[in-house]
Each structure stands twice: as structure tokens, then as C-alpha cells.
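Swiss-Prot annotations:
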type	residues	note
DOMAIN	5-69	domain 'J'
ZN_FING	131-213	zinc finger
REPEAT	144-151	repeat 'CXXCXGXG motif'
BINDING	CYS144, CYS147, CYS201, CYS204	Zn(2+) 1 binding site
REPEAT	161-168	repeat 'CXXCXGXG motif'
BINDING	CYS161, CYS164, CYS187, CYS190	Zn(2+) 2 binding site
REPEAT	187-194	repeat 'CXXCXGXG motif'
REPEAT	201-208	repeat 'CXXCXGXG motif'
Amino acid sequence: MAKRDYYDVLGISKSASQDEIKKAYRSLAKKYHPDVSKEKDAETKFKEVQEAYDVLNDSNKKAQYDRFGHAGTGQDPFGGAGGGFGGFGGFDDIISQFFGGGQTRRTRQTSNVGEDLNMRMTIDFMEAVLGTTKNVSVDITQDCGHCHGSGAESSKDVHTCSKCHGQGFINVDQRTMFGTMRSQQVCPQCQGEGQTIDNKCHVCSGAGRVKAKKTVDVKVPAGVDNEMTLRVPGYGNGGRKGAESGDLYITFRVKPHKIFKRRGSDIILDVPITFTQAALGDKIDIPTIYGEVELTIPAGIQSGTELKLKNKGTKDPRTGKTGDQHVIVNIETPKNLSSEEKKLFEQLSKLDSPRKKSGWDKFKSFFTN
């Protein structure tokens with residue numbers, strides 16, 4: 001099967017800028033990452049997106065592709081990606097792919113932005129429907145305070161890489177059916193940094209990064225529900241060499257309530273009433289998420305009838321619209337009657353006999369006519 005055009009894979013035009021290419025890749029990589037997507041062919045699509053990005057994000061490879069198509073990139077026009085993608089890690093791994101792993105110095109520089117982090121938070125039902133504030137502690141990585149991310153013990157220990165001369169990449173010539181073609185690869189000596197280090201920082205052991213904790217008061221909006229995700233800007237991993245931090249994404253799990261249930265932004269409550277209340281009607285106090293309110297039970301109500309309390313639901317966090325509370329009436333049949341109660345029901349049954357007979361006749365008519 002012929003390979004798809006890389007521009008079509010990313011959904012961009014041939015005149016797309018580097019920022020537009022990166023934005024399209026990031027969106028599609030999030031959508032099709034196997035750890036996130038439930039689509040059956042997510043892994044195949046993810047590899048296809050990764051392959052397209054690897055070519056279009058490299059100026060030399062992009063130029064060859066624009067001239068010669070898939071053959072110009074060293075890829076089989078009818079096969080899979082030449083190098084493959086290997087295994088898949090967690091979601092943090094794909095976030096790092098959004099900014100890292102490029103083949104040029106310009107691409108390497110964009111990797112300075114901190115990675116996004118993801119966490120799950122369990123909250124109570126009432127916290128979810130009314131909103132709350134949670135103090136969150138996040139484990140992050142950030143630039144070492146001693147070496148400021150360089151990985152060197154001092155500035156004197158940093159030297160321009162002798163292999164790539166500070167470019168972070170080297171040129172590699174390959175023979176193809178169209179002749180010798182030149183591509184760029186990350187410098188193996190400096191790993192794309194453009195510099196080498198004599199003495200490593202004693203604090204971070206040359207990594208340039210250290211572990212740390214961040215705390216933040218997260219305002220949970222009223223109306224959040226299971227699997228909803230909240231973005232907290234700037235509380236992901238710290239950026240490299242002064243770049244901005246990534247973001248924190250919190251996905252919620254809401255504990256069930258003893259009496260309340262949810263249907264979107266509406267609250268559902270089952271309320272038991274007696275035969276007497278159902279027949280004669282009544283006024284009863286009903287709990288809502290905002291406190292008790294008085295509810296009128298109309299005379300003659302049937303079991304399963306749903307009564308509405310306007311604007312007594314939770315808010316929709318996206319629109320701000322408030323839902324309603326739906327009260328479902330359940331008529332309880334009395335058990336273990338006293339002798340006096342039995343006599344009263346027998347008297348009621350005698351008074352109700354003509355109506356009961358009429359109803360039974362109507363019921364039988366459905367089968368006899």
C-alpha cells in the first residue's frame with residue numbers, strides 16, 4: 001500500500017511554517033498515542049504521524065522530500081518507517097517527543113520548554129458539584145541551581161564540541177538511487193548540545209537537572225465530573241536554561257454520594273413517601289446540594305413520578321449554566337401492619353371496591369376485545 005503524503009498526514013499545507021508543523025504534530029501525537037487513544041489503529045497512526053514529523057521538521061529532509069517524495073528521504077514508498085519507533089513509554093515520554101528528538105540545532109532549542117505532567121485526583125461528590133480548592137504537591141525536575149542547567153562544575157569546564165563545532169548536529173552523506181544525499185544527525189559526541197564538559201557539576205552529576213517539589217492551590221470549578229481534566233499552567237517540569245515550564249494536567253475521579261446521583265449537570269434524588277402522602281398530597285423538606293428546600297407532593301401522585309426543582313443542580317464548568325434537581329418519588333408499601341392498621345386498610349378497600357372493579361374491567365378488556 002502506497003505511503004500517504006506527509007503533509008496530508010499532519011493535515012498541513014506545503015507552505016506551513018515550522019511552528020505550524022510542530023503544532024499539528026503535537027495535536028495528532030496526543031490524539032493517537034497508544035496510552036491515550038482507544039482507536040484500534042492508534043499505534044499505526046501514531047507511527048505515521050511520528051514519521052511525517054521527523055521528515056518535515058528537518059530542513060534538509062524536508063527539502064529532499066519536496067523534490068523527490070518518499071524516495072528522497074530514504075523511506076520505502078510502500079513500506080513502514082525506515083527506523084521504526086520502538087516501544088512506547090508513558091504519556092510523559094510522548095510529551096518529551098513534542099519538543100525533543102529533532103535533528104537540527106533549531107529543533108534542539110525548542111526542547112528547552114519544560115515537559116507537561118499528568119496526575120489523577122480523587123475528590124468528594126460535594127467538592128465536585130460545589131467546587132473547592134485543593135493544595136497540590138507536584139514532583140518535578142528543573143535546572144540545577146548550582147550549574148544553571150549546564151551540567152558543568154564551572155563555566156571554565158564548558159567547551160565547544162570539536163566534532164560538530166557547536167552546531168549540535170553533523171552532516172551524513174548517503175548514496176541513493178538519485179545520487180549522494182546529505183542528511184543531518186544529532187552529534188554523537190555532544191548529544192546535540194553543541195558543547196562538551198570537562199568536570200561535571202557535583203550537585204547534579206552533570207545532568208543539569210535536579211528533582212524538586214512545587215505546591216499550588218488548585219481551584220476546582222463547580223461541576224467537574226469523572227475523567228474531566230483541568231490544566232494548571234506553569235506547574236509541569238521546569239524549562240531548560242531559562243525556558244518556560246510545562247503545564248500540569250489534573251484528571252478527576254469523583255466519589256459517589258450516599259443519596260445524590262448525577263446526570264450531567266442535573267442532580268437526581270430518590271425520595272420515599274407513604275401511601276397517605278401519595279393519596280392526599282403533602283409538603284416535605286427535600287435535601288439539595290445547597291441545603292433543604294420545601295417540595296409539594298401533589299395528591300394522587302404515582303410511584304416513579306419525577307418532580308423538578310429548578311436551578312438546584314450543579315453548574316456546567318464549560319458553559320456556567322446551572323442544572324436542575326430531579327426528585328423521583330417512590331411510594332413505599334407498609335409492612336408488619338398492626339391490627340388497627342389492617343382494619344383501616346380493610347375499610348378503605350371496601351370503599352375502593354367499585355373503582356378497583358372498574359379498573360380491573362378495563363384491564364381485562366385489552367385481552368378480550
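Note: Cβ is positioned from N, Cα and C throughout, glycine not excepted.
Keep in mind the model is a prediction, meaning the values are calculated, not measured.
Long-range C-beta contacts of CYS201 (Zn(2+) 1 binding site), restricted to its own chain and to partners at least six residues apart, with a cutoff below 8 Å, comprise CYS144, HIS146, CYS147, SER150, GLY151, ALA152, GLU153, ALA207, GLY208. Contact check: the repeat 'CXXCXGXG motif' (161-168) against the repeat 'CXXCXGXG motif' (144-151) gives fewer than three Cβ pairs closer than 8 Å, residues 6 or more apart, which falls short of the contact criterion.
Within 8 Å of the centroid defined by the CB atoms of CYS161, CYS164, CYS187, CYS190, the record's Zn(2+) 2 site, lie the Cβ atoms of SER162, LYS163, HIS165, GLY166, GLN167, GLY168, PHE169, ILE170, PRO188, GLN189, GLN191, GLY192, GLU193, GLY194, GLN195, THR196, excluding the listed residues themselves. Of the listed binding-site residues, namely CYS161, CYS187, the sparsest Cβ surroundings within 10 Å are found at CYS161. Counting only same-chain residues at least 6 apart in sequence, those with a Cβ under 8 Å from the Cβ of CYS190 (Zn(2+) 2 binding site) are CYS161, LYS163, CYS164, GLY168, THR196. Applying an 8 A CB threshold to same-chain residues 6+ apart, the list for CYS204 (Zn(2+) 1 binding site) reads CYS144, HIS146, CYS147, GLY151, VAL210.
Secondary structure of the repeat 'CXXCXGXG motif' (187-194) per DSSP (helix as H, G, I; strand as E, B; remaining residues coil): 0 helix, 0 strand, 8 coil.
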